[in-house]
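Undergrad: Quick one: this structure, given as structure tokens, is what I'll be asking you about.
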């Protein structure tokens, strides 16, 4: 929030130094706002690979949903590049990084970073946007669902690069931007058209084995990220040759395309079969995705909280306070809440609420537009609010 002025200024100074050291934005793979570039190539090829690899015994429902996805291909491409242009994004793209060995982005692992650490990572963003995509798909909102799926695949592509899973930023190395440019200029020669097998063979069948979506997604991403990180140290740093970089781009871009095909395959099976990733599972964390109204002065600098009450009468409440400015007019903010009781099921939670508390005597009102709560990879609450919340107030969302 804005009241965190000191560390916000530190973060701004870091952002300034980062931009000063790079001639372009700090992307992992390149992507243009119009849905072109390396990220768009990856998702386009991912769909093409899956189509080429479909075995004859794939269910008709999966084939039908693949056709719907293809009809919305431009939305997939737009979603795949959007996170690099999102006005709500962190200035240093902290949530586009994820070290598969530490489970952190560079805001926790890199010694030069002195501002508030960012809890979101490239890996957690994959799961969040995948959950939103499944939710909208199951409601028949295919265009929005495909855009969300594209966003998920953007982050998947990011953590497959050599630099992002190694938590090497443009502050750490000029190679970050140079390698991205190198790959973008040669991306056509790195396209692949198959994962090397049909969907009734091991690579694809293994993808469907673990019904726990969150656990599967994290470990699936980890495998590809580990390859990317390893390639950074063996072939993609500034000390390596152009031939090394060519090898690094070839391997990691092929992995991005193959991995994307596999992830989309899992998505299509989940929506085709109506799989519920939350059934019978304990809830260890809740993810809130809050949209603030675009109406003038809808944002707030007051303290904001999220709380729950379980059927046994116990309550838990968290402050919602991301580094930098959140709850701004038109913003979309994400918060992750760890539950004290890890034995809870989602049905054990009786009530949920958001609460506003004055920061000063002269409080400003706040107008949230919508809040979605995600548990175990499923949207469990979708609440349209569109009401002004004034003073010290509580708004029940469940």
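Cβ coordinates are placed from backbone N, Cα and C, and glycine is handled just like the others.
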Undergrad: Suppose you had to name the range Swiss-Prot annotates as region 'Linker'; which of 257-265, 266-274, 275-283 would you pick?
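TA: Range annotated as region 'Linker' by Swiss-Prot: 275-283.
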Undergrad: Can you pick which of 84, 103 Swiss-Prot lists for the same Zn(2+) 3 site as 96, 154, 158?
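TA: It is 84, as the record lists it for that site.
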Undergrad: When you rank 84, 154, 176, 321, 322 by Cα distance to residue 365 (Ca(2+) 1 binding site), which of the binding-site residues ends up on top as the closest?
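TA: That would be 321, nearest by Cα distance.
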Undergrad: Cβ distance under 8 Å to residue 300 (Ca(2+) 3 binding site), same chain, sequence separation 6 or more: which residues?
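TA: Non-local contacts for residue 300 (Ca(2+) 3 binding site): 327, 356, 364, 365, 366.
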Undergrad: What parts of the chain pack near the region 'Linker' (275-283), using Cβ distances under 8 Å and only residues at least 6 beyond its ends?
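TA: Apart from its flanks, the region 'Linker' (275-283) reaches 211-214, 269, 339, 342-346, 349, 375-378, 380.
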Undergrad: List the Cα distance (Å, whole number) between residue 158 (Zn(2+) 1 binding site) and residue 299 (Ca(2+) 1 binding site).
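TA: Answer for this pair: 31 Å between alpha carbons.
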Undergrad: Given the binding-site residues 29, 321, 324, 326, state which is nearest to residue 180 (Zn(2+) 2 binding site) when distance is taken between Cα atoms.
TA: 29
